[in-house]
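Participant: Below are the features I grabbed from TrEMBL:
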| type | residues | note |
| --- | --- | --- |
| DISULFID | CYS60-CYS81 | disulfide bond |
| DISULFID | CYS104-CYS141 | disulfide bond |
| DISULFID | CYS183-CYS205 | disulfide bond |
| DISULFID | CYS237-CYS264 | disulfide bond |
| DISULFID | CYS277-CYS318 | disulfide bond |
| DOMAIN | 52-177 | domain 'Corticotropin-releasing factor binding protein N-terminal' |
| DOMAIN | 185-306 | domain 'Corticotropin-releasing factor binding protein C-terminal' |
| SIGNAL | 1-21 | signal peptide |
Amino acid sequence: MPSAFQFQCHLILIFLAASKGETRYLEVRDAGEDDPFLLLSEDLKRELSAGQIYRRSLRCIDMLSIEGQFTFTADQPQLHCATFFIGEPEELITIDYDFVNIDCQGGDFLKVFDGWILKGEKFPSSFDHPLTTSQRYVDFCESGNIQKSIRSSQNVAMIFFRIQQPGNGFTVTVKKNSNLFPCNVISQTPSGRFTMVIPHQHRNCSFSIIYPVVIKISDLILGHLNGLFLKKPSAGCAGVGDFVELLGGAGLDPSKMFPLADLCHSFHGSAQMKIGCDNTVLRMVSSGKHINRVTFEYHQLDLQETETRKENSIEEFCFPSI
């Protein structure tokens, strides 16, 4: 049976998949006005691209993958609410406070978090984010009008809030900004293709796929300098400053996941792995001395694929959780 983490994440991403026309992932139930997450049609997206501003009310637990203006008004005491924001891999998210009417002295709060938190686990992990955990929170009740605009460091962000007085609430405007070198990413869909490039930066970047998947790495360049590939140790990745690792687990935080494979040699070809975990992460560790690049594609793993092996496949993991 799926874990609670997998169910929650899949509930979020199923509705995101619907917004991209992937209706085969809507077998759980039909979409309607009472669903907890917004379903966006392609017609609506075309209308919005013409310059219109999309507006709607927020639910206590909500999910947004589109720009617009969003308002929450409490109709009863709301103690544990959150809105998840997600963009395309190459997008950053900006949240602007337009209007806030909450009782900070009475225990209300409104906080933006740079990333996602689910069941106590963070993405990106504390090891992969440029800010400390405390710096990733922006509390309106502490900053007030000092910081009315907040930009994420990756394609996901979220708001936590508690509003106890009916009639109180807030309005935010959400915008997307281009990110030339996407680093930490949560995929909106269970299939896709992506190239991660880290250009002379000392940082770690994770690409998270919240599905059991088959992942195939087709191109890996590590230690590329002046057109030459630097020689790598012959065994393992110990002591190597630049490498890629595949991780699997049942939570959101890559630092708490199980390491499945390390790749520390540049190659052009195909390396495939079946990962039946609730969450799969490809993580690149970069020393900052070189331009590192990895290209990979992935698709959701089905039960038939667990029964067949292919050449260049690494040993399967996590299949009991499917």
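Including glycine, each Cβ sits where the backbone N, Cα and C put it.
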Participant: In whole Å, how far is CYS60 (disulfide bond) from CYS205 (disulfide bond) when you measure between their Cα atoms?
Facilitator: 31
Participant: Which is it, of CYS81, CYS141: the one of these disulfide-bonded residues whose Cβ has the most other Cβ atoms within 10 Å?
Facilitator: CYS81
Participant: Can you count the other CB atoms that lie within 10 A of the CB of CYS104 (disulfide bond)?
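Facilitator: There are 14 such Cβ atoms around CYS104 (disulfide bond).
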Participant: Which number gives the other C-beta atoms within 10 angstroms of the C-beta of CYS277 (disulfide bond), all protein chains shown included?
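Facilitator: Its Cβ shell of radius 10 Å holds 27 other Cβ atoms.
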Participant: Take the C-alpha atoms of CYS277 (disulfide bond) and CYS237 (disulfide bond) and report the distance between them in angstrom, rounded.
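Facilitator: Computed Cα spacing between CYS277 (disulfide bond) and CYS237 (disulfide bond) is 23 Å.
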Participant: Among all the protein chains here, how many other CB atoms are within 10 A of the CB of CYS237 (disulfide bond)?
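Facilitator: Neighbour count, Cβ to Cβ under the 10 Å cut-off: 19.
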Participant: Sorry to bug you, but what's the C-alpha spacing from CYS183 (disulfide bond) to CYS141 (disulfide bond), rounded to the closest Å?
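Facilitator: If we compare the Cα positions of CYS141 (disulfide bond) and CYS183 (disulfide bond), the gap is 30 Å.
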